[in-house]
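Enquirer: Got a structure for you, written out below as structure tokens; questions coming shortly.
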Amino acid sequence: MANYFNTLNLRQQLAQLGKCRFMGRDEFADGASYLQGKKVVIVGCGAQGLNQGLNMRDSGLDISYALRKEAIAEKRASWRKATENGFKVGTYEELIPQADLVVNLTPDKQHSDVVRSVQPLMKDGAALGYSHGFNIVEVGEQIRKDITVVMVAPKCPGTEVREEYKRGFGVPTLIAVHPENDPKGEGMAIAKAWAAATGGHRAGVLESSFVAEVKSDLMGEQTILCGMLQAGSLLCFDKLVEEGTDPAYAEKLIQFGWETITEALKQGGITLMMDRLSNPAKLRAYALSEQLKEIMAPLFQKHMDDIISGEFSSGMMADWANDDKKLLTWREETGKTAFETAPQYEGKIGEQEYFDKGVLMIAMVKAGVELAFETMVDSGIIEESAYYESLHELPLIANTIARKRLYEMNVVISDTAEYGNYLFSYACVPLLKPFMAELQPGDLGKAIPEGAVDNAQLRDVNEAIRSHAIEQVGKKLRGYMTDMKRIAVAG
């Protein structure tokens, strides 16, 4: 199989990379009705599989789970989760032939085997659904021409998909139809109904393409969402300890600092995050972020280039074929780092303390978010897609570190994201070591003293922060979410 993106000509590549439209609430007036009375069979019962299934069932759809024979016979975790939640469970042979929509929610590396198993069993004219387009775009999976291929990609972990639905809301979602597989022209109707059934239409849906979703998703998770947080955690911890900070305090400042800092990001973008700092600290954070952007820009561009060309995917798939040797080695090495093995700090750190003593961390967040966004947009990805794959998801990933450090982040994210994270962080840590050696007192671990600032400089920095394109599109999209939540909660 050939990488699908690389089979397209340049005009087709640009058209698919640039496909992104924020859909109006009125486009979902029919809710999930297009799929009501039809049989939806989900393959895989992990975080996305279970939680999407729960939402879809609560939205009135007929949901069952197709699992491998051995998973059922051995009563594995997937079987237990599905049966304990009252779902019908059967083998591929028992359930797939009757399915109107088969939703493949297994890990990326299993997709080819799953499709190879289910495709011969699918009835003529059925639909195949994904929540990530890697198998179609990067692997180049060929699907029977009578089958409609759609994607519904919630921009959150599966647990959040469920919790937001239970609150009467949803999570922002990308939907797409594979242009090579829409024989009856019903792909968009299926995708809209599926998105509505998960609650995504209440938070905002972007009509996208398989290509745009995959390329932007890979870029976000490799750089700012996971790679930058891992590299930043390791670098900042080592710097604090090197300067005499108690390792337990240093660990807590970083572990919970990312979550605290990005909560401000979630509520009001980079502008609010920077506004949490004193004026002298804001000026310093801005200066540090500009230095970081200059240093890291080539690394971000290399990751984007390798994602666009397919170099990243081919390297990762070679590691799949080698029993994940690189992935497992990197995972083990990360678990042995000083940050991961540091003792826990029993004392309390106040919320503002995380900002005051984390100026460098704030600079890293700002630089990483802006660089990821800029690099995606420069590559033809539309701003709304770039926002969701950079700033929007960052607080969710930071929350995983707050639970159990980098271990938890790497457990929760996909193997694809984890592999890309290690590629980035292993390059970024040595790249930034000279920069770390030049830090000033107050950049990390100590607060910058209050003092006079130049009004004109502060004015210009504030303007630069607020006028960045990600702040403009972020304000618009957060406004949509707030408005939609208000409408949804009001009934």
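Cβ atoms here come from the backbone N, Cα and C positions, even for glycine.
It should be emphasised that the depicted structure is a prediction, and the values quoted were computed from it without experimental measurement.
These came from Swiss-Prot, pasted as-is:
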DOMAIN    15-208  domain 'KARI N-terminal Rossmann'
BINDING   C45, G46, A47, Q48, R68, R76, S78, D108, K109, Q110, G158  NADP(+) binding site
ACT_SITE  H132  active site
DOMAIN    209-344  domain 'KARI C-terminal knotted 1'
BINDING   D217, E389, E393  Mg(2+) 2 binding site
BINDING   D217, E221  Mg(2+) 1 binding site
DOMAIN    345-484  domain 'KARI C-terminal knotted 2'
BINDING   S414  substrate binding site
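Any idea what these are sitting next to in the structure?
Expert: In the predicted model, residues of the domain 'KARI N-terminal Rossmann' (15-208) average a pLDDT of 96.
DSSP assigns R68 (NADP(+) binding site) to coil in the three-state reduction, placing it in neither a helix nor a strand. Around R68 (NADP(+) binding site), the same-chain residues six or more apart in sequence whose CB sits under 8 Å from its CB are T91, Y92, listed in sequence order.
Spatially close to H132 (active site) yet at least six residues away along the chain are D108, M151, A153, E213, V214, D217, S414, T416, judged by Cβ distances under 8 angstroms. Annotation note: H132 (active site) sits in a coil segment as assigned by DSSP.
Applying DSSP to the domain 'KARI C-terminal knotted 1' (209-344) sorts its residues as follows: 117 helix, 0 strand, 19 coil.
According to its DSSP assignment, E389 (Mg(2+) 2 binding site) is helical. Under 8 Å, Cβ to Cβ, and six or more positions away along its own chain, E389 (Mg(2+) 2 binding site) finds K155, S216, D217, M219, G220, E221, L225, A372, M376.
All protein chains considered, the CB of S414 (substrate binding site) has 19 other CB atoms within 10 Å.
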Enquirer: Neighbours of the Mg(2+) 2 site D217, E389, E393: Cβ within 8 Å of the Cβ centroid, same chain, sequence order.
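Expert: Close Cβ neighbours, site residues excluded: K155, S216, M219, G220, E221, L225, Y388, S390, H392.
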Enquirer: What does DSSP call S414 (substrate binding site) in the simple three-state scheme?
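Expert: For S414 (substrate binding site) - judged by DSSP and reduced to three states - the answer is coil.
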Enquirer: Please identify, from the binding-site residues C45, A47, the residue with the sparsest Cβ neighbourhood, meaning fewest other Cβ atoms within 10 angstroms.
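Expert: Output over binding-site residues C45, A47: least Cβ neighbours within 10 Å is A47.
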Enquirer: According to DSSP, which of helix, strand or coil covers A47 (NADP(+) binding site)?
Expert: helix
Enquirer: Between A47 (NADP(+) binding site) and E393 (Mg(2+) 2 binding site), what is the CA-CA distance rounded to a whole number of Å?
Expert: 17
Enquirer: Expressed to the nearest Å, what is the distance separating E393 (Mg(2+) 2 binding site) and G158 (NADP(+) binding site) at their Cα atoms?
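Expert: Cα-Cα, rounded: 13 Å.
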